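Take a look at the structure below.
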């Protein structure tokens, strides 16, 4: 923030006690009596926060009712049995018959995304996709786990999380035909949601490949330049980004005399040598590579 008086950048600070924004360079008061949107209490640990908090958690698409529900407590209840019965009744009426399918799918999604150690924003993206699919009736006649896996894989691509398709297929024993059928439904729904287009690029996979093959960073730099050039020229369309990145790393490592065999590269990434060879051929057929000594 720039001071309107002395025009100094990043010199404005907030005085919490007086509620004023002050310039540290010229001492001008930019604004006084500023409203503090934070809580009216202070907490120094988790216990303090739990005792003083008077509001619930923020809304989230990971829960069928977006988190807007009532929880009946029994900490100070005189009749514990009556309170317990009320809790059970409240839990039953909280989910309407039409929401049962959504509750089941979101429960599976939250469990599996935690097992895969995916970040919260990926879970929320997948939850929004699943909600839209339930609304449009695209969750019928399809295996629930296959649908969840497809939604999580697509959400990783939307949020620039480089996770390979093979990781999901091997973990859940899903056939290629089942997965692509589910992914087709996910893509159909995601196209109707603004901002839900895949943003990931082939170069995102290269750090993982370098780590698994124990290669120096310079190879990653050159391999990234190569796959970025292919991506800009439209040569990556319809090709697996992981295998394309792996082939570029294989080629650059060979040119820099830090050789890795195709088998070593393929085995470290759970892909076939044939895939590496095909992507390698795509690279050398489209580029004239000149090595300057």
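Placement of Cβ uses the backbone N, Cα and C atoms for every residue, glycine included.
A quick note: this is a predicted structure, and the numbers were derived from the prediction, not measured.
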Of the ranges 1-31, 32-62, the one Swiss-Prot annotates as zinc finger is 1-31
The zinc finger (1-31) resolves under DSSP into 0 helix, 13 strand, 18 coil
Row residue 23 (Zn(2+) binding site), column other C-beta within 10 angstroms, all chains, value 19
